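Each remark here refers to the structure printed beneath this line.
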Amino acid sequence: MATLFIADLHLCAEEPAITAGFLRFLAGEARKADALYILGDLFEAWIGDDDPNPLHRQMAAAIKAVSDSGVPCYFIHGNRDFLLGKRFARESGMTLLPEEKVLELYGRRVLIMHGDTLCTDDAGYQAFRAKVHKPWLQTLFLALPLFVRKRIAARMRANSKEANSSKSLAIMDVNQNAVVSAMEKHQVQWLIHGHTHRPAVHELIANQQPAFRVVLGAWHTEGSMVKVTADDVELIHFPF
């Protein structure tokens, strides 16, 4: 058996091939797992659990079917869907996890997270993140009419795209000191995260021992998952 991790699907109506690929994954590989962990940015945007978007209802039903089949499903918020709440989690049968979670997997201690908090060199993004994660601001935003939230979200995505176009790739990647600090804080030798869209397995030193950082890929033209078993930790890419 295996535990599966995915992230950065960025599901939206404009990318039906990704949605179809995810549905096939849920109906196939996910049903064989010990557990499924979604490490953020499942959706391209999330403006509230009350959004009647048909795609959201479709995904809730598909994930719920996996959960009902006996495979526990877990979710860590990403920078795109940090407002996903308890209502959608209940409808989809997912358990919401904190932004950093340590798992005991087949004899390994593994830290999982979305990964945006590791990109500490991007001071502008971190300041924005701190602002939009303020509970009072989230409460205020979610109280706005749905059409207003949609306009705000569209403007924020456009601003983010424009800002990122002028940033260096290095600034938008993780900071190595932040990585080591997180792994040493939690006393782990394994870290699995997404966010950067740069799939790879990195070797480093943490806790004065060899350690590994496994980065999930985004679902653009193919699927990406990390498969953890008693024998191995594999980063796997597969066609939709």
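Glycine is treated like the rest: Cβ placed from N, Cα and C.
Following the DSSP three-state reduction, the secondary structure of Asp41 (Mn(2+) 1 binding site) is coil. For Asp41 (Mn(2+) 1 binding site), the same-chain residues 6+ apart in sequence whose C-beta sits under 8 angstroms from its C-beta are Ala7, Asp8, Leu9, His10, Gly78, Asn79, Arg80, Asp81, His114, Gly194, His195, Ala218. The annotation Mn(2+) 1 binding site is assigned in Swiss-Prot to Asp8, His10, Asp41, His197 on the grounds of sequence analysis.
For Asp41, Asn79, His114, His195, the entry in Swiss-Prot reads Mn(2+) 2 binding site, with the evidence type sequence analysis.
Look at Swiss-Prot and you will find Asn79, Arg80, Asp122, Ser160, Asn164, Lys167, His195 tagged as substrate binding site, backed by sequence analysis. Following the DSSP three-state reduction, the secondary structure of His195 (Mn(2+) 2 binding site) is coil.
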>> As a test of the contact definition, list every same-chain residue at least 6 positions from Asn164 (substrate binding site) whose Cβ is closer than 8 Å to its Cβ.
In response: Met172
> Asp122 (substrate binding site) has how many other Cβ neighbours within 10 Å of its own Cβ?
Replying inline: 21
> Including all protein chains shown, what's the count of other C-beta atoms within 10 A of the C-beta of His10 (Mn(2+) 1 binding site)?
Replying inline: 20
>> Taking only same-chain residues 6+ apart in sequence, whose CB is under 8 Å from that of His197 (Mn(2+) 1 binding site), what do you get?
In response: Asp8, Gly217, Ala218, His220
